[in-house]
Amino acid sequence: MSCSISLSFPDGSKRNYPAEMTGLELAESISKSLAKKAVAYSLDGITRDLSDSLGQSGQVEIITREDSRALELIRHDCAHVLAEAVQELFPETQVTIGPVIENGFYYDFARQQPFTLDDLTIIEKKMREIIQRNKPFRKEIWSREKARRVFSEKKEFYKVELINSIPDNQDLKIYYQGEWFDLCRGPHMQSTGQIGNAFKLMKVAGAYWRGDANNPMLTRIYGTAFANENDLKAYLHMLEEAEKRDHRRLGREMDLFHFQEEGPGMIFWHQKGWKMFQNLINYMRRRLDDHQYAEVNAPQVLDRSLWEISGHWGWYKENMFKAIPAAEDLDHEHIYALKPMNCPGHVQIFKHGLKSYRDLPIRLAEFGLVHRYEPSGSLHGLMRVRSFTQDDAHIFCTDEQLAAECLSINDLILSTYADFGFKEISLKLSTRPEKRVGSDALWDHAESIMESVLKTIETKFAGQIKTSILPGEGAFYGPKFEYTLKDAIGREWQCGTTQLDFNLPERFGAFYIDKDSEKRQPVMIHRAIFGSMERFLGILIENFAGHMPLWLAPEQIVVATITSEANEYAQKITARLKAVGLSATTDLRNEKINYKIREHSLQKVPVILVCGKREAETNSVNMRRLGSPNQTLLSVEDAIKQLSNESTPPDLQRVINA
């Protein structure tokens, strides 16, 4: 006798079904057209193969190809088809792993001769053939003995290693697509034909097996796939636009910074780049002052013992830089480390001197330079470096002050992003992971506060910010908010964080005296807005395509002469611009004015003031904006007034206009 289960549907209805019914049979019972469009089903939020039995009661939903959740399946299946195509064309190739990643997928292959870009065209053609065959995906559960034997006979030794690493309590799944098969956790769609043709192989790269430089080098083929051609075209167009906006190229053209092999992941800031960096710091320093933060500075180098207390030496050591004094190089009496994070130093500052509940909240902020070892292959311009500056802050407060502090941080973060033109923001609350410190009661309390804060934010900023909850994604020491912004070409960047910490104050014995004269452990909030200031500057350069807002631009104005007869006049104008706080230089070179304009435009100078004999006689200038072929004739007074207003940072504009 079959067991009956109760299923809840998205429309709120509930029905009973046999437990052994499959997802496909469920779809067919609803409608034949739904079954034809179905690619998988979801039970209590977990995506499953349509061939899987339902097995239990729960919230069920049929996933069709138009569903956003189908995109991961399309890409996953595409990775399998890529592997089959490679082995059809190059039979000696071993397949290893092929996961879905952001915006696409990849597959790593082991062969003596690495693939080239020319090979991708051939492989892609073969993939389209395989998709056209429309072979069904079929799942089998194998014993470990059978799996080891079959893959060993195929000389798929990387797969054998993977099989040996799978825990005994997990099923060993094999997915067929026609005659070809692969080891895989699944799930998959019904057939290769459901993938469609909206895919493209993107590039070839090297990758170490399991990311370990001691292991063999493999060839990685990257690809992308979408549900339809329009989405694929939009993505490829975005990539073209991103290449034009690449901050590394613009950094060279604008003479902002450079890197060199003696300091991998370390930035050499040039004058203009450093000016932009300082503009960012000055902006944030004013915002922090308005929100009653105390700016501090903790040492760059600290003894290992402190990092052992904080826990970093145990769980973050491989990402840290050791520092051993040269005089002690042999006996290693002291081992120091360059700080990878600012938080332990801020706890020491909080502990210096007795604190009362009346002193709280205490908000400590630092533009702290931190060092983290990143693999050389992951370094990427300003976006991924080994030495960077965090706009870090740590708030020490009472439990009763926690919600208000989180809301205040939220307001500061959102207004900051708005000042830089970012209007599409998403906020995610990450809750307790499996491995964590602190009691369940402590987590229950903290999460209830954070969820309450999230609801308040949703109400206050209705329609302006997208919110979601990510179960199990919090840090081991507390739940957190993550802020993600969308740039001018639709890319998302995770920047701001608000992170509760139950761990560090306890480790260092931080306390304050409460109203009953008892010692109490403060609540500690980690908070960042830009995150890495270097990375945020890279995001800004790409978002604005180098055409920075006047207040942030490293070189705001160039006064360029048409003739030497206007040289003295141009110098006087430049002096007047500087006198009102504008960044201006004079170009008196004996070059044609079009040459000067073209050169300064390449360097992304926002405003060029053109001066000739006529302008000198009429006390005027011709203003030319970056990206515009037009010039506007203005009096010097009007030009200075206009540019002074534009160059005022947005936070100061609010004060002026209040």
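Using the three backbone atoms N, Cα and C, a Cβ is placed for every residue, glycine included.
Keep in mind it's a predicted model, so treat the numbers as computed, not measured.
Noted in Swiss-Prot for the protein shown:
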DOMAIN    1-64  domain 'TGS'
REGION    246-549  region 'Catalytic'
BINDING   CYS343, HIS394, HIS526  Zn(2+) binding site
Average pLDDT across the domain 'TGS' (1-64), rounded to a whole number: 93
Least buried by Cβ count (within 10 Å) of the binding-site residues HIS394, HIS526: HIS526
Per-state residue totals over the domain 'TGS' (1-64) - DSSP helix, strand, coil: 14 helix, 28 strand, 22 coil
HIS394 (Zn(2+) binding site) - helix vs strand vs coil (DSSP): strand
Check: same-chain CB within 8 A of Zn(2+) site center, minus CYS343, HIS394, HIS526: MET341, ASN342, HIS346, VAL347, ASP392, ALA393, GLN499, ASP501, LEU504, MET524, ILE525, ARG527
DSSP state at CYS343 (Zn(2+) binding site), helix/strand/coil: helix
Cβ-Cβ neighbours of CYS343 (Zn(2+) binding site) (radius 10 Å): 24
